[in-house]
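Trainee: Okay, here's the structure, questions in a sec.
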């Protein structure tokens, strides 16, 4: 028979044992949960790196960057390709205009070159066409560039028919400078100045075109004065230092004409890419 003191001792001991075992189980559960939280927080970045952040695809991220780089590179190549094409066309236009217009001036004895530099086919010095071609390329590229810098795209009479009429008027002005006979060069100069301004008003009417035309006329006149002064060639009956007084009008109208050609060639060309 169990004694009463055994029940008295076993009762409290059994309850204490159960309480301690319950505490140990709770502690083990907390430790296990803490370990799971630590493991999940440590594996989170690796999972994001492996599977990608929400809304992104790591497999397509570098590919999209490559596609963007290829698109930018193709845009740059296209822009440079158009630039080279326009330069060649403008150079060719300058060469042709120089051959035609200078031939008229030489035949009318307005411009005189030394005999040893005259080409037998075109009755002109060999260096005149390439110099005029290079100048035409620079001027033709400069006009649309200045328009874009000023934020004023030129939209007045933007069609090739208008450009061709402008070229025809320019050739007519140059023809008049050699063919028309006036009492003095001052009257001829005033007439050609009015015709040149009329050409600008009819086919351009932009402030940038007027400013560039005046600047081109000034620089070209200065260079011509230096060439004539150094004996490269000369003009008959000079009345403006070493040249004819109407020559700046020819340079002004020529700048406006080549500028219109350059603007027309620049239409539809992609803008120059900017590097960020």
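Yeah, the Cβs are placed from backbone N, Cα and C, and that goes for glycine too.
Automatic, uncurated: that is what TrEMBL annotation is.
If you look up TrEMBL, you'll see 1-24, 46-73 marked as region 'Disordered'. Residues or ranges marked as transmembrane segment in TrEMBL: 88-106, 126-146, 182-203, 210-229, 241-262.
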Trainee: Quick check: do the transmembrane segment (210-229) and the transmembrane segment (126-146) share at least 3 Cβ pairs under 8 Å, counting only pairs 6+ apart in sequence?
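Mentor: Yes, since the transmembrane segment (210-229) and the transmembrane segment (126-146) share at least 3 Cβ pairs closer than 8 Å, they count as touching.
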Trainee: Counting only pairs at least 6 apart in sequence, do the transmembrane segment (182-203) and the transmembrane segment (126-146) share 3+ Cβ pairs under 8 Å?
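Mentor: Checked: the transmembrane segment (182-203) vs the transmembrane segment (126-146), no contact.
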Trainee: Given a Cβ distance threshold of under 8 angstroms, which distant residues of the chain, six or more beyond its ends, lie next to the transmembrane segment (241-262)?
Mentor: 86, 90, 93-94, 97, 110, 136, 139-144, 162-163, 166-167, 169-170, 173-174, 177, 185-186, 188-189, 192-193, 195-196, 199-200, 203-204, 209, 212-214, 216-218, 220-221, 224-225, 228-229, 234-235
